[in-house]
Amino acid sequence: MSVVKIPLVKKKSLRQNLIENGKLKEFMRTHKYNLGSKYIREAATLVSEQPLQNYLDTEYFGTIGIGTPAQDFTVIFDTGSSNLWVPSIYCSSEACTNHNRFNPQDSSTYEATSETLSITYGTGSMTGILGYDTVQVGGISDTNQIFGLSETEPGSFLYYAPFDGILGLAYPSISSSGATPVFDNIWDQGLVSQDLFSVYLSSNEESGSVVIFGDIDSSYYSGSLNWVPVSVEGYWQITVDSITMNGESIACSDGCQAIVDTGTSLLAGPTTAISNIQSYIGASEDSSGEVVISCSSIDSLPDIVFTINGVQYPVPPSAYILQSNGICSSGFEGMDISTSSGDLWILGDVFIRQYFTVFDRGNNQIGLAPVA
């Protein structure tokens, strides 16, 4: 049994790379930016909707190795999806040529299957094949892990993506093609001592962020963990009691559903509610479609408070206003994701940077505590 610590590195996001290459406007024009379609899934189909635009602002990445000897890949550890996939040598899309590509012929432990994988994005689909191989993650060997080898990847914009692939950490029920997720396979093999993993995201430093499989490291948080039951086992979905600013309800007055998603960088919610919040904090759209705010307002704005399972989780303006190159932008994003349990909110990295998060599969609960 070992504790598996995977360091995450904070790098420039896809959005920042697009801006620096003068490609953001073209991207926004050609990719109707629908963050929500990652979460809209027909349970009956095996096609999962997961637009890559969701990963536009993601900044935290980890390295895994696949095969024997290991071939290294930079991936997003994403609690909002469940598949592992990386580019393969069978992919000649422009995006693949600029990234590490898995070569099955170079691995002595690779096992092919005849199964295919298709993950639909907002603008096309990532199609590929499923294979089995050993995945090296945080110093342990996850053997016989099923994963996707991409053959086509949508959109040349992925050429600029700072990651090769995605490692999904949500429940098996939302895995495309019914593929066993990495954490499930690791737990089933008895490679970690507890059926849980935890995440710490550092605010500023490039290093320091970490995903820990099978353990809770109390040095990352202060006080004690508060536990919240998972309301629907698919995403890491929980019930939020209320969302307030200055003691006034600004959204979710009758309770709402939220998912805790490391693969989404912002705080997202229904467009009407979010536009109320944007006007409340004085944020507005500039000519390029960015929602900007005066940097001087960071000192005067109130916390936004999420009450979850009776406990208040304040997120201060220094967290929900993002500063980059002297420009301040809102960390709130509107999207409409209606589910049978109502409209979904997404507590992304803006929230997780404030709260050390434990994803407890064994007890179907999430633990939250302020970061140390």
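The backbone N, Cα and C atoms fix where each Cβ goes, glycine too.
Between CYS252 and the candidates CYS256, CYS295, Swiss-Prot records the disulphide pairing with CYS256. Reviewing CYS96, CYS328, the cysteine that Swiss-Prot connects to CYS295 via a disulfide bond turns out to be CYS328.
Of all the active-site residues given, namely ASP78, ASP261, the one with the smallest number of surrounding CB atoms inside 10 A is ASP78. If you take the C-beta of CYS328 (disulfide bond) and look for same-chain residues 6 or more apart in sequence within under 8 angstroms, you find VAL292, ILE293, SER294, CYS295, SER297, ILE298, ILE321, LEU322. A 10 Å cutoff on Cβ-Cβ distances gives CYS91 (disulfide bond) a total of 22 other Cβ atoms nearby, all chains included. Of all the recorded positions listed here (ASP78, CYS96, SER114), ASP78 has the Cα closest to the Cα of CYS256 (disulfide bond). Inclusion criterion for the recorded positions CYS91, CYS96, SER114, CYS252, ASP261: a C-alpha placed within 10 angstroms of the C-alpha of ASP78 (active site); this criterion is met by ASP261. If you measure from the Cα atom of ASP261 (active site) to that of CYS252 (disulfide bond), you get 19 Å.
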